[in-house]
Amino acid sequence: MQSAQKSKTNGDTSLFLMKDIPQYWSPALKIGSGAFGEVMLVHSDRLDARGEQILHNEFALKVIRFPECDYHKIIREVNTHTLCRHHDNVLFIGSIYCQTFQQGLRVQMCLEYAALSDLSLLASSETFESHVAYICKNLISALIHIHNLGIVHGDLSVKNILMTHEGVVKLSDFGMANTFEQTRKSKNQSILGTPGFIAPEIINLQGYDGKADLWGLGILSLFLLKGENPFKKCTQFDLESYKVSISESFYPDYSNYSTPLQEFMSSLKDYNPEFRSSALHASSQTYLKTSCSQSEILNYYKRLRRTRGMDLPWPEEIHTFSVPVSLE
């Protein structure tokens, strides 16, 4: 493994200050993986400033390997996530470590640890409208925040919404995020996001903004209630089959749900983003007032985990529960 002070590439130099993670950080367990790389739970034990006691800390470390030609994508992810991180419903991102290796670069992002993981478990279980209202209320708060900053998340799917051990919903993974300035440019050259959650304007290679996230929120709501992607009509579901649904102006049925939920969905379903609700407008929907409490969804989620035999490390004995924000 090579190490250097700076990458030869141009861009955000804070990302490319080449340095490995501190030796006292101990990656303890893999808690996630995918095409991007992997996420490790890290234990950090160090003396406090007075040298009187050991501080125990836990956080997540997202490790990404990529060719150096893609460095601008990682810089965009880090910059947009960092800009948006100061909100209760956005997963906090801290310091970034980077190293070079033969095939390119390895970036290690320090992230807040969300012990209950993503919403896959909730989606695969009996989910009540009040649970989904709680999720939506928290996410809309996060979306108002990032949209006010001129950022669109771009991939509002089940895998990218996390929950902490206290039951707080967190918007995560800004890999598809970008500024309105960039996304509003028409004729984008690529379709980004998760099939089923991608807004029609993105599928049609048009310019888009924060309202694309509201389309994703509507599909996320139905996904949680139905237990699968509501656009899925057969065994195989991919981008091409989703494009067909979009070309036919299809939208999943939601007529068997309560009136407040139907009204909420109606505000998010329009194929024309001009007539689709904004995050701020959606925040006033009656449906959100039917939300369960934080303690209710936390207890429900914990019961589901016990039923499934899931036992990720539980951060109850941690003296410090924070994310490093500077290189050490």
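Note that Cβ sites are derived from N, Cα and C of the backbone, with glycine treated the same way.
According to Swiss-Prot, the feature domain 'Protein kinase' maps to 25-288.
Here Swiss-Prot flags ILE31, GLY32, SER33, GLY34, ALA35, PHE36, GLY37, GLU38, VAL39, LYS62 as ATP binding site. DSSP gives SER33 (ATP binding site) a strand state. Within the same chain, the residues at least 6 positions away from SER33 (ATP binding site) whose Cβ sits under 8 Å from its Cβ are VAL39, listed in sequence order.
Residues within less than 8 Å, Cβ to Cβ, of ASP155 (active site, proton acceptor) and separated from it by at least 6 positions along the same chain comprise ASP173, GLY175, MET176, ALA177, LEU192, GLY193, THR194, PHE197, GLY216. Per Swiss-Prot, active site, proton acceptor is recorded for ASP155.
Long-range Cβ contacts of GLY37 (ATP binding site) within its own chain (separation 6+, distance under 8 Å): LYS62, VAL63, ILE64, ARG65. A count of other CB atoms within 10 A of each Cβ picks out VAL39 as the most crowded of the binding-site residues ALA35, VAL39.
The binding residues for ATP are recorded as ILE31, GLY32, SER33, GLY34, ALA35, PHE36, GLY37, GLU38, VAL39, LYS62; their greatest pairwise CA distance is 14 Å. Its own atom aside, the Cβ of ILE31 (ATP binding site) has 17 Cβ atoms within 10 angstroms in the protein chains shown.
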